[in-house]
Amino acid sequence: MVLGMKSSRAEGAPQSNVADVSEAKNVTNDKNVKNDKPVDNGEGSSTLGEGRPASHVWMMLIGVGILSGFLSGLFGIGGGTVIVPALVFLGLSQRHAAATSLAAIIPTSITGVISYATGNDVDWIAALLLACGLVVGSQIGSWLLARLPEVVLRWVFVVFLVFVITSQIVFTPSRDHTIHMTVITGVLLALLGVGIGTLAGLLGIGGGAVMVPALSVLFGASDLIARGTSLLAMFPSSIAGTIANTKRKLVHLRNGLTIGITAAIIAPLGTLAAGAVSPRMGANLFALYLCVLLVRSLWTAVKITPGLRERFVRK
């Protein structure tokens with residue numbers, strides 16, 4: 001009987017352990033389901049400012065908002081070219097930084113549009129056509145953002161910067177030209193919006209850094225009209241992309257709004273500065289800023305690329 005009881009207990013022990021493990025897994029799964037924080041695919045970090053005092057992180061977010069807001073008003077961009085690298089520096093993965101940046105662009109574009117519209121520097125029809133394409137493209141970009149490897153996102157960002165820098169150096173915009181609207185022009189604007197929207201959703205930018213030179217080079221818009229139209233067009237696409245990214249738990253909404261609201265307050269100052277400098281000077285300043293950003297982004301891309309990392313980066 002004693003042996004039988006011992007045997008019975010021995011047989012029952014593993015069942016108890018299995019039940020405990022199963023229960024622990026269920027508790028863990030419940031916590032994961034209830035946790036509404038952004039999640040990552042295992043590439044990079046989804047935690048902002050880890051290891052830094054909270055006050056330092058907030059000050060840096062506000063600083064990023066001030067810089068991105070001024071550049072947004074000055075160049076007609078959303079500010080993603082500033083926000084994404086800054087968030088990566090603070091510890092986010094490229095995909096989380098891109099998604100959060102797109103959310104920050106929403107309030108920034110509102111005040112920027114108002115500032116340019118008061119000077120009659122917005123082409124409303126062109127902006128509407130671009131926006132239609134941008135909304136479609138942003139969904140494509142958001143879908144790709146959740147699936148492409150981190151290293152691919154880094155190199156796409158580098159190529160994007162090279163393109164924009166080249167366009168700023170080669171082309172000098174006029175200040176008195178408008179967009180001549182035809183049926184063909186309208187179709188091309190919508191198609192341009194799809195392409196830029198895909199890039200915007202993928203990189204976490206509003207698309208203004210591509211839209212502004214494209215409107216000037218391809219459609220003959222003045223530099224100020226190109227900037228005002230760009231800011232208006234990116235507003236609905238930023239909302240659509242942010243909704244898609246939020247569903248995929250890629251957005252740090254509170255941090256994005258901190259940057260965005262700060263940038264929205266500062267953007268009108270950049271708009272005033274844009275009217276005070278010549279088109280050539282504005283293009284040169286933008287190209288200079290992007291060159292600095294390109295060096296940093298290129299170095300980061302090299303460091304995470306197998307083969308290149310071993311060749312150029314000492315362990």
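Placement of Cβ uses the backbone N, Cα and C atoms for every residue, glycine included.
If you look up TrEMBL, you'll see 1-49 marked as region 'Disordered'.
According to TrEMBL, the feature compositional bias 'Basic and acidic residues' maps to 31-40.
The transmembrane segment feature in TrEMBL is assigned to 57-90 (among others).
Look at TrEMBL and you will find 96-117 (among others) tagged as transmembrane segment.
The transmembrane segment annotation in TrEMBL covers 124-146 (among others). Residues of the same chain lying 6 or more positions beyond the ends of the transmembrane segment (124-146) and with a Cβ under 8 Å from any Cβ of it are 41, 95, 98-99, 102, 153, 179, 181, 186, 189-204, 207, 211, 215, 219, 221, 229-230, 232-238, 240-241, 244-245, 248, 250.
Below 8 angstroms of C-beta separation, residues 81, 84, 94-95, 98, 145, 199, 202-203, 205, 209-210, 213, 216-217, 283-284, 286-287, 290-291, 293-294, 297-298, 300-301, 304-305 of the same chain, each at least six residues beyond the ends of the transmembrane segment (152-171), sit close to that stretch. Among the features that TrEMBL reports, transmembrane segment is placed at 152-171 (among others).
For 183-212 (among others), the entry in TrEMBL reads transmembrane segment.
Per TrEMBL, transmembrane segment is recorded for 224-244 (among others).
The feature transmembrane segment is assigned by TrEMBL to 256-277 (among others). Through the fold, the transmembrane segment (256-277) approaches residues 58, 61-62, 64-66, 68-76, 79, 83, 100-108, 110-112, 114-116, 119, 223-224, 227, 242, 285 of its own chain, all at least 6 residues removed from its boundaries and within a Cβ separation under 8 Å.
The feature transmembrane segment is assigned by TrEMBL to 283-302 (among others). Within the chain, the transmembrane segment (283-302) has long-range Cβ neighbours (under 8 A, six or more residues past its boundaries) at 71, 74-75, 81-82, 85, 88, 151, 154-155, 157-158, 161-162, 164-165, 168-169, 171-173, 209, 223, 277, 308-309, 312-313.
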